[in-house]
Amino acid sequence: MGKSKVLVVGGTGYVGRRIVKASLEHGHETFILQRPEIGLDIEKLQILLSFKKQGAILVEASFSDHKSLVDAVKLVDVVICTMSGVHFRSHNLLTQLKLVEAIKDAGNIKRFLPSEFGMDPALMGHALEPGRVTFDEKMTVRKAIEEANIPFTYISANCFAGYFAGNLSQMKTLLPPRDKVLLYGDGNVKPVYMDEDDVATYTIKTIDDPRTLNKTVYLRPPENILTHKELIEKWEELIGKQLEKNSISEKDFLSTLKGLDFASQVGVGHFYHIFYEGCLTNFEIGENGEEASELYPEVNYTRMDQYLKVYV
């Protein structure tokens, strides 16, 4: 059986461009949705053209033109959507419902991977307002997929290293501190940190794998399941210096929600669930899930001490 043809929706974005790269590297005929709304966004256009030079095929279609979406979907076997659900950048998760309708009408798709790539929204029904909107919208998309009997794989990629590791999980910065660091509670709750390129590699490996059909794939490589303290220690070893640590209690952390703008409240809520509640590792993977590093032991995933070296 040949490798699936792949359509990436959101191929110029933070995750999307990595998915495109991984798809091409793994030998898939790779299509990228090119939306007329790109307008005068020269940077996005340059990314698309660079992928075209590498062999990707650009397909013009618009979310405001159902037929164009159906025609685009009919060209491929697998659709991967990477539209942003991050509130401080752009937030388009429910736009995927139009893509679900197109996939349903096209009738040929063997696998759809919607824009997930974070915490498992099925486990976040208790999430704090207003941050729960992200999970609620992802569940709305899931419901539409499953009601339409579209074959799916959901990717739970946990904490992107660029947002959570490079800054030692400090809010309002993307760079690691060199003197003082804020510790969440006792710092012993375990998140999972993932290099974004590894997220893309694991994602592409799932698309033709019968073991991942209609399942959630959790990215939990064992050496990247680290407490906040352990992550900080890796940085301290790299720079040869102990940081001054100040702990913030759960109560005090939640009190910082007051007076913040909407996007910041969403972020604080998500940090609470990750670093105080431990929502990424406080459950066993059930029969409807698989763990990526167990499925694909051949992937030499990036460890966080290795990841942090570039910040030194």
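One-based numbering along the chain as shown.
Placed from the backbone N, Cα and C atoms, the Cβ positions cover glycine too.
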Which one, Lys3, Lys44, is listed by Swiss-Prot in the same NADP(+) site as Gly10, Gly11, Thr12, Gly13, Tyr14, Val15, Gly16, Arg35, Arg142?
-> Lys44
Which of Lys44, Lys138, His270, all recorded positions, has a Cβ with the fewest other Cβ atoms inside 10 Å | Lys44
Quick one: largest C-alpha distance among Gly10, Gly11, Thr12, Gly13, Tyr14, Val15, Gly16, Arg35, Lys44, Arg142, binding NADP(+) per the record, in angstrom?
-> 28
Cα of Tyr14 (NADP(+) binding site) to Cα of Lys138 (active site, proton acceptor): how many Å, rounded?
-> 18
Write out the long-range same-chain contacts of Gly10 (NADP(+) binding site), meaning residues 6 or more apart in sequence whose Cβ is under 8 Å from its Cβ.
-> Gly16, Leu33, Cys81, Thr82, Met83, Ser84, Ser115
C-alpha of Lys138 (active site, proton acceptor) to C-alpha of His270 (substrate binding site): distance in Å?
-> 15
